[in-house]
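**Q** According to TrEMBL, the protein has these features:
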| type | residues | note |
| --- | --- | --- |
| DOMAIN | 41-293 | domain 'G-protein coupled receptors family 1 profile' |
| TRANSMEM | 27-48 | transmembrane segment |
| TRANSMEM | 60-82 | transmembrane segment |
| TRANSMEM | 102-120 | transmembrane segment |
| TRANSMEM | 140-163 | transmembrane segment |
| TRANSMEM | 197-218 | transmembrane segment |
| TRANSMEM | 238-256 | transmembrane segment |
| TRANSMEM | 276-295 | transmembrane segment |
Amino acid sequence: MLEAWNFSHSTFVFRGFPALQEHRRLLALPFTASYLSVLLGNSLLLYVICSVESLHSPMYLLICMLCVIDILVVTAIIPNMLLGLLFDWDEISLAGCLTQMFFTHFLSSLESTLLLVMALDRYVAICHPLRYTEIVDSSLFMKLLLFTLLRSGSIMGTLVGLADSLRFCSSNLIQHCYCDHMALVSLACDSTEKNTAAGLAVIICFVGVDIPLIFFSYMKILSAVLRATAPDEDRWKAFHTCGTHLIIMMCFYLVGSVTFLSHNLNIPIPTDVNTFMGLMYILFPATVNPIIYGVRTKEIRNGFFRIFKLRVQTAMTVKVAPAGKRQM
């Protein structure tokens, strides 16, 4: 009896999209395409920013960091999920599950903080342009980086530590495609009050703090734009860009909050829908960010065309040079 009481599963099996098990291999196609688009889009944006010297400024450094985080957080879940969809490799150890949980939530929380920093950066750039270089310097960046790592690392480390202390003695089927915190905690035999409280604390700390500050920053930006007496193309561009950023951010936080709270508050959401929302919370921002912050940014577009033109000229020079030698 004592041995049975102390029993706890050491391996788990993913059961995301249970209603679509017969078509699981077809599901791999759109997720593979999404993963490749994330890798291509973010890598290309990184390459352009790193290659063009005029883009080596704080705003574009933040975009680079966002690209790196998007690539890492998607890579933390999608390859493993694709192996499960294609080859039925659905098992994961408890240690592997907790590791995936930590990096998934840690990187997502980093993205939340980074979106806040980007909003504050735009606020200073548009509302206080003459003091921008004085306020936004390398010292501030280092302080923000340290704060971001400490906040996300400590909170997510506590979250995973609490999950690691639980016993899982009933089902070992995780109703998700990756190790979401509450999807694993819901399988525990012990009391999960601390885990539920920790999950709510994450929502309050990141959504409850970051969203109001982001919203405040963009409202100040939009107010400054609307107060302009003679709106020109640049002011309209700033208004349109900030509005788009705000909509994308709100979608990111809304989907993330629903997926977190669905387990904490026992909201009856079908497993397939909850799994899809959990994946979109990770995939959607990583897919659209290169478009929002790259394609729609004039300086980055010009940098890309400059690099492309240089590569074409170099290729043409290599091809023409041997022909010229033969004529001599």
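Every residue number used here counts from 1 along the chain in the order it is shown.
Cβ from N, Cα, C; glycine included.
Curation does not apply to TrEMBL; its annotations are automatic.
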**Q** Quick one: do the transmembrane segment (276-295) and the transmembrane segment (140-163) reach 3+ CB pairs under 8 Å, ignoring pairs fewer than 6 apart in sequence?
**A** no
**Q** Who are the long-range neighbours of the transmembrane segment (140-163) in its own chain, taking Cβ under 8 Å and residues 6 or more past its ends?
**A** 58, 61, 98, 101-102, 105-106, 109-110, 113-114, 117, 181, 184-185, 194-195, 198-199, 201-202, 205
**Q** Averaged over the domain 'G-protein coupled receptors family 1 profile' (41-293), what pLDDT does the prediction give?
**A** 85
